[in-house]
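In TrEMBL this protein carries:
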- 28-161: domain 'ATPase dynein-related AAA' (DOMAIN)
- 174-256: domain 'CbbQ/NirQ/NorQ C-terminal' (DOMAIN)
Amino acid sequence: MNTQLPYYHQIGKEVEVFEHAYKNKIPFLLKGPTGTGKSRFVEFMASKLDKKLITISCHEETSSTDLVGRYIIKGAETIWSDGPLTTAIKQGAIIYLDEIAEARPDVIVAIHSLTDHRRELFIDKLGIIVKAHEDFMLVASFNPGYQKGFKELKPSTRQRFIASSFAYPEEKIEIEILVNEAGIEAGIAKKLVNIATKIRNLTELGLAETVSTRLLVDAAKLIHSGLPKRLSVEVAIVEPLTDDLEVIEALKDLCNLMI
Ligand SMILES: Nc1ncnc2c1ncn2[C@@H]1O[C@H](COP(=O)(O)OP(=O)(O)O)[C@@H](O)[C@H]1O
Ligand SMILES: [Mg+2]
C-alpha cells in the first residue's frame with residue numbers, strides 16, 4: 001500500500017463515487033474548468049487504490065495511434081510498440097485521458113469498445129483484440145465549453161461515463177488548500193481567497209476562465225517564498241487571466257485594496 005497519499009481535500013462525495021466506479025469498472029468523467037483539482041483527485045484516487053496511473057494530456061494532434069501503439073523502426077527491423085492505452089489495458093492500470101474532447105475523433109472511436117461491457121481494444125494495425133485486465137479503468141476529464149474555444153463532447157460519448165462536476169471549492173476549504181499546499185498563514189490565504197471570490201463574481205469582464213485554485217496556490221507559494229504580496233498577486237493571479245491592459249490595471253487596483 002501507498003503510505004504517502006498526495007494531498008487532496010474532498011469537496012463532495014467524489015471519493016466514494018470513484019471507489020464504486022472503480023469496483024464496477026465504470027468509466028469516470030471529470031467535468032470542470034482548469035485548476036479545480038481534477039488531476040490531483042485522480043492522482044489521489046490511484047494512490048489510494050494502489051493502482052498505477054498513466055496520464056495522457058490530449059491535444060488536437062492526439063490520435064488513436066498515439067494511444068494504441070505503432071510500428072517503429074529499430075535497426076533493420078520494424079517492431080510493434082504498445083501505446084500508453086494498450087499498456088494500461090494489459091497491466092491493469094488506471095488511464096487518465098486529460099481534456100479528452102481536444103483529441104482527434106479517432107481517439108473517441110478507439111475507446112468505444114473499452115467503455116462498454118466488452119472492455120476490449122481492437123488494434124487494427126495488428127488485427128487483434130486485446131481484452132482489458134480486470135483492474136483496468138478509464139478516466140477522462142473535460143472542460144465544458146461555456147465559453148467559445150472549447151470543444152464539445154458528443155452525448156453518445158458522454159453517456160459511456162459516469163460524471164462528476166468539479167468547481168472552485170467553498171471559501172473555507174479553499175483556504176485550507178492554500179495553507180496545505182503553500183504553507184502560508186490562514187490570514188493571508190483568506191485574503192487570497194477573497195480576491196478570487198471577488199474576481200470570480202466580476203462576470204462583466206468576460207474572462208475566458210476566471211481565477212482557479214491553481215493560480216491561488218501559485219500566488220500563495222510566491223508569497224511563502226518571500227516575494228512581496230502585491231507582486232505575487234499581480235503575476236500569479238492578474239496577469240495570467242487577461243492581456244487587456246485596462247482590465248489588468250483595474251484588477252491590480254482592486255487586488256491592492258484587498259491585500
Ligand atoms: N481539492 C483539492 N485538494 C488539494 N489541492 C487542490 C484541490 N483543488 C485544487 N488543488 C490545487 O490546485 C492545483 C491545480 O489542480 P489540478 O488538479 O492540477 O487542476 P485541474 O486538473 O482541474 O486543472 C493542484 O496542484 C493543487 O495545488
Ligand atoms: Mg489537470
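Cβ atoms here come from the backbone N, Cα and C positions, even for glycine.
Automated prediction, rather than curation, is the source of TrEMBL annotations.
Residue counts for the domain 'ATPase dynein-related AAA' (28-161) under DSSP, split into helix (H, G, I), strand (E, B) and coil, are 41 helix, 40 strand, 53 coil.
Here the domain 'CbbQ/NirQ/NorQ C-terminal' (174-256) is broken down by DSSP into helix, strand and coil counts: 65 helix, 0 strand, 18 coil.
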